[in-house]
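Below: the structure, in structure tokens.
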Amino acid sequence: SHSKATSPTMSTSSAADPAPPVDASGIGDGSGTKCLSHSYSTVDSDGASESRVESLSAVLKDEVGSEKLVEAICALGEATAHIALLLQNYVEHTFAGTQNTSGDEQLHLDIDCDNAVFAAVRSSGVFSVAASEETPTETAVGRPDDNAGADDVTFSLGFDPLDGSSIIDANFSVGSIYGIWPGKGLLGRRGREQVASAVALYGPRTTLCIALPGSSPKVLEVTLVKNRTKWELSRDSIQLKPAGKVFAPGNLRASNDNAKYAALINHWIEERYTLRYSGGMVPDVYHMFAKSKGVFSNVSSEKARAKLRLLYEVAPIGLIVECAGGMTTHEAHDGSVLDEVIDDLDRRLGVCFGSREEVEKYKRFMLK
């Protein structure tokens, strides 16, 4: 019942074609096929799906000018609700015997969460292309009879369906990451072109943090309540303070052969910063949003290479950070991650995100 799939390529699949055959590679095929053993259909019973879409639409209608973009974000809300149920009912976190393109061992749960997102975006009718960490191809997700022209309103999605699967056995919080680009296609784009992005956090609560760029950038948070039947506005504006002594040093092993990173970490400790680090990018960055301050870093070295993907993780979260008044930078040069070009769906890089003064401090240690 668990979908396995074709080997990764950089080509674009046709929505009109039948689902590709599956093999032992474990890379998702983007079909959105449900696992029969772990169905999330119960979360849609008694009109719950309609209730969720209606409540999230009501929150967004005064913030988003485009009705189609509201529909796109609501589709991600549906994917998040479905993943929340999958997480609650998945007892056996078994490996699929495969790896994704980053070399991470895939859980059956990774693949099912990937399919949950693909199912939601396919049914929405407003996305043309999607690619994910588990399905690293530009996969057509428009309806087979969709002959929309290039100028029609349609979106492309880059996402990580389950960030933190390596820490899920300890029952740590995990998340999903979504970036929405206008038009068709993801290659050659920049993060700054996104029309919205979102991060879902699955813990004691299920929340969705949504970035809305534009002339007046805004970040808001909604929480899934009433037995997953309603999205309720929980924070109408998330802003990062200029400074805050909270740090999350990702890829800490890089400090072994990166002297600058080791010096920065020692500085944070000597200055009595509070460590808040779980090993999951979503909960660690989300903690900054919860406390309205802090700094997150993920630095590479010769022996500990960069693992974060620009398309699936860095660009969507970077947009949230900057819309909240924070700052982002590439690990090795002074420049926003939103200006980095997605010239490869698997492009990886090191980063620093957070309160503006904290990122400036990172630059002083790491870039000079």
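Glycine is no exception: its Cβ is also placed from the backbone N, Cα and C atoms.
The compositional bias 'Low complexity' annotation in TrEMBL covers 1-25. The domain 'Fructose-1-6-bisphosphatase class I N-terminal' feature in TrEMBL is assigned to 95-214. The domain 'Fructose-1-6-bisphosphatase class 1 C-terminal' annotation in TrEMBL covers 241-366. The region 'Disordered' annotation in TrEMBL covers 1-30.
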Exercise for review: Over the domain 'Fructose-1-6-bisphosphatase class 1 C-terminal' (241-366), work out the mean pLDDT and round it to an integer.
Suggested key: 97
Study note, to complete from the structure: Across the domain 'Fructose-1-6-bisphosphatase class 1 C-terminal' (241-366), DSSP labelling yields 56 helix, 22 strand, 48 coil
Check your understanding: Reported in the order helix, strand, coil, what are the DSSP residue counts of the domain 'Fructose-1-6-bisphosphatase class I N-terminal' (95-214)?
Key -> 26 helix, 50 strand, 44 coil
